[in-house]
Ligand code: P6P
């Protein structure tokens, strides 16, 4: 009988000196939320959860009904367990302190409950991204400031991918492992142990419609990929993908290599990129680097950034190490 997620976590926990049941219990609650989200996403129009909620989130983005529903599911599944001091979400302006009627724990949870939700109404894969930090010692009443820790402080990061099959991919700093949801028994089963990203690739992912807004190093890199083996290009031809769902892109890269870029662009003044540091870039960077890949803003490691705000945006270039290093090199030359 193949190993389920709980058995995997308990066996891994035995390898980590001083590890507590606390983290395993928290991950169990997060996984419960992901199973509930998988159900809602899968039922879609059948249960009337598609379409717009008629509201905007702190990002100024129109919220889908499922953005709101999945945010609530995450809160309800995680607020009671006694593992958390507070949570922060793409869908909430400020942090969510654990209500007084529940015991407080020693972790902080950040999450994007439904990433890529613009795809939900057209039945394209979407996902959930989450990241676990330690609550600073002595912080009885957590504040947003307590969340502003570099990505290198993450204890755990993971995502659920609601695709042809529902998968959960997780790291606690000891490699990356993938689990597939067996709907017959409602368990995530270990199907992709020790996921690693090939150091080379012939596949790049970027939203080409933003090309005129990119900085020169990214223009140069993408231009060479498009040229492939023709003059002025590379030693090989490239393929391109853009799903507009970061979880799907990262999962493809973990599965077969690739480079994903949502770089700095001048499309909107004051935005350093589109993706959010705390609950998109940092968790995905932890996973990618634990799988042997690399993650950068183009000018430095994403996970070494000291966050300045809960919803701070950051340029993201991540994936197969040799390609990310090339893009970073072009930034250095510029
Ligand atoms: P664009 C989804 O909204 C998201 O945050 C990521 O999942 C995805 O990679 C990106 O934005 C897509 O952005 O500008 O191509 O729609």
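The backbone N, Cα and C atoms fix where each Cβ goes, and this holds for glycine too.
Copied over from TrEMBL, here are the features:
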DOMAIN    5-193  domain 'Fructose-1-6-bisphosphatase class I N-terminal'
BINDING   90, 112, 114  Mg(2+) 1 binding site
BINDING   112, 115, 280  Mg(2+) 2 binding site
BINDING   115, 116, 117, 118, 207, 274  substrate binding site
DOMAIN    197-331  domain 'Fructose-1-6-bisphosphatase class 1 C-terminal'
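Positions of the features from TrEMBL, shown on the structure.
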residue : record                 : contacts (Cβ under 8 Å, 6+ apart)
90      : Mg(2+) 1 binding site  : 57, 58, 59, 111, 112, 113, 115, 276, 279, 280, 311
114     : Mg(2+) 1 binding site  : 37, 41, 64, 66, 67, 70, 71, 120, 126, 127, 128
116     : substrate binding site : 124, 125, 126, 127, 243, 244, 245, 246, 247, 248
117     : substrate binding site : 64, 66, 67, 126
118     : substrate binding site : 64, 244
207     : substrate binding site : 242, 244, 262
274     : substrate binding site : 262, 313
For ligand 1, which among the binding-site residues 90, 112, 117 have a CB under 6 Å from it?
none
Give, as a single whole number between 0 and 100, the mean pLDDT over the domain 'Fructose-1-6-bisphosphatase class 1 C-terminal' (197-331).
97
List, in sequence order, the residues of the same chain other than 112, 115, 280 whose Cβ lies within 8 Å of the centroid of the Cβ atoms of the recorded Mg(2+) 2 site.
90, 111, 116, 127, 128, 129, 246, 247, 275, 276, 279
What count of other C-beta atoms do you get within 10 angstroms of the C-beta of residue 112 (Mg(2+) 1 binding site), across all chains shown?
28
Count up the helix, strand and coil residues in the domain 'Fructose-1-6-bisphosphatase class 1 C-terminal' (197-331) according to DSSP, in that order.
57 helix, 22 strand, 56 coil
Considering each pair of residues in 115, 116, 117, 118, 207, 274, all listed as binding substrate, report the largest CA to CA distance in Å, no decimals.
16
Conformational class of residue 112 (Mg(2+) 1 binding site) under the three-state DSSP mapping:
strand
Extra residues within 8 Å (Cβ to Cβ centroid of 90, 112, 114), Mg(2+) 1:
67, 70, 71, 89, 91, 111, 113, 115, 117, 128, 129, 279, 280
